[in-house]
């Protein structure tokens, strides 16, 4: 068990490019920390610096109170699950799991006991004599986990462990990892580019962009109080919609009508001509299905629906809108950076699955304006973020974690 | 696939088997013909006779053949060993390290591989005579490196590139020292590639004729192919074909055995790296 | 690992760029490890060819070293104006063109059979196909020579219906001799080509075949328009290697005809001049000319046909 403290960590490559730039991050003992971001953001590099596979250019890496910058990987007592599992192809499943114990010269009887224990937890007992090449993807993944949990490491490191599995298995292994982590109460750092994994697994999530930390917070805080356009766009699926807007008194004029901000928020956005308003898909609703009591909290507008997707439990409608060239260009750049490739400016709107809104029709929508955020398109900064509310959300998550760990111990 | 197609491909397969084995079967058959039978104009001998084998193993021709066999084995094994050792280091560097000149080394290997052997022989013939390497084992081992080294470097680099080197890192995270990571993880993974490379290099050296015939003059160093080429029979009145056939069979056996045992690996070694679109 | 994905394109390779000291150390280590092999390769090839160029400028006979004299390019003049050279050059070219062309077609056929044969048959095929490759060239040459020879062969009696008589001397004329030489060469090296082509074939994805089938292509059309273009690299590499190999043909000629009846190849000519007649100067000049021919062929392939060796070699 150990905490991991990073201060001002920099990773610079030969050509001077900083892959990780001045990262300071404290991971508490027993905490599940997610490092997330699009490809190229430096998250894997950071993980590999924790485990010691990558040299640290400058800054301090402290694990369990010891500075480990100059320690070899084997002296750090961490275990890691690699993206492609890194199973030794010439060793059986048993010997793969036993490998760290063999290196530590653990007596045979003890090795057998501990490997079987780990295999039991991961339901690998009947595969122990097989070679990795003969296992399915999910089984290989579990062997890699087995090798990680078989010795009492100070922390677990995961490098995109589920990215080679199909969607269904990924879901199962996700809950398995969460359960295991709580049971063992062990500090965990988990790298992923999948925001679903980030949201479901992490106690806290660290969002990285081009080697720089954008925000470290609980999933709820990231979702409800993102610091900037990048975080807002990265977290959430389908992603947040960004509409061009201009200030008019205390309200914003957008392609979908006027959004009332109220005096307090209007004050924050004052002095900008062109803004981006960020609206999550679920802030929209089919106007005909909204309670009369709720209606005053939002605004109603009518738009032509391009495409609808009915998913059973929800329904998405796509509404194209016009945006000024500079905004359209910026949104395109953002979507490219987030590894998606949006072709047209359109809003994704989540409506009730019973809604009769169909594609090609003009329809009435309602928009809940209370939770919208307003971003400065130049800096990307969230102008309407409520830091206090965000802090509270993350504190709650920390309390939840402590409670869960206590319960798991009993 | 329809039944007709299956049968068609099956017949094609049988034709391949006949194609590959027919000349070998012929030389074996010839080697069992007695001297009366040699010119019977038939594929098979009328009676099987071991006379040819007797002649080259214990008879008049043994003095020519057996030393040549020893020379061939000794020289080829030493040349293979040296080129494997050198190419192991080179291939590791090429597959693992980043240094300028990687391309240069690979291109050089390629150029050496296509080099006309005879162009090397001419000056060596002259030089070896001057410095006393003519008709000695080292006098053949050194030029054999020009045959074995390039293919070893290519084949091994291709094999080494396939090794999941991050295993070494995984092992270090698991608590291994660099030496343990190398010995317990990398060596077992690399061994098959080295072994295959050795077989292919051995084939090339074993097959050599030009060096063997040009740089030797007696059984002190003359390898089997050269001895076969120069073998002219026990007497002028007897056809040498029978004993040559017997000797040919004997030198073919070890390579065919290697092929049968390590078929899969050899195919991988020959094509791995040679064709990768 | 995602480390590679995760790193921006502008950053250098992880193994290469960990600070300047480390990459310098790595460069050094790289040369320490690869250097010996590199030096040995140069020593056994570059030195001899330089020496050969030097020797070729002298009128130098091993048995008569006192009378060695500098003749400049005189040896080349002698060779290039002699019909012996041009005959051997023509024979070599003929053997090369015929064997490579036949081997390519035949090898492709073998590769197709190996690809499509029943699963049970495939391992057998891949094993037997290696046997001609593994048989020593000299042995293969003897096998074919004996099969065709008047005193020990069976070919004459088997093919009497084609007009062969027991006295038909296959090694009595240039044409028939070259036919048997080519046959032996083709038998021995086609399997290697077919393995290269098979590897190339296996790399053409099955879905492409299926897509072409859906698009309405016949078997022949699929072969010509989908399979062949996609294995161009494999084919060109196989052809280049075999061409250079065939151009050096020596063993079979030595064993079968010893150059009789105008079957002498360039390699054989160089051998005869140097080793048998110990005319070091003239022999070296032939060697250098052979070397230049090989370089020319390679250049022609690489520039003319755009054979990308680095791509084909998995660089």
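Here the Cβ of each residue, glycine as well, is placed from N, Cα and C on the backbone.
Outside the transmembrane segment (B:7-28), and at least 6 residues removed from its termini, the chain residues within Cβ reach (under 8 Å) are 1, 43, 245, 248-249, 252, 256. The transmembrane segment feature in TrEMBL is assigned to B:7-28 (among others).
The domain 'ABC transmembrane type-1' annotation in TrEMBL covers B:69-262.
Sequence annotations record features per position, and here TrEMBL assigns transmembrane segment to B:72-92 (among others). Within the chain, the transmembrane segment (B:72-92) has long-range Cβ neighbours (under 8 A, six or more residues past its boundaries) at 105, 137, 140-141, 144-145, 147-149, 152-153, 156-157, 159-160, 194, 197-198, 201-202, 205-206, 221, 223-225, 251.
Cβ atoms under 8 Å from those of the transmembrane segment (B:104-128) belong to residues 90, 94, 134, 139, 143, 146-147, 149-151, 153-154, 157, 208, 210-211, 214-215 of the same chain, restricted to positions at least 6 beyond its ends. Feature annotation from TrEMBL assigns transmembrane segment to B:104-128 (among others).
Look at TrEMBL and you will find B:140-160 (among others) tagged as transmembrane segment.
For B:185-206 (among others), the entry in TrEMBL reads transmembrane segment. Cβ atoms under 8 Å from those of the transmembrane segment (B:185-206) belong to residues 72, 75-77, 79-81, 83-84, 87-88, 144, 147-148, 151-152, 155-156, 159-160, 162-165, 167-168, 170-171, 176, 251, 255, 258, 262, 265-266, 268-270 of the same chain, restricted to positions at least 6 beyond its ends.
The feature transmembrane segment is assigned by TrEMBL to B:244-262 (among others).
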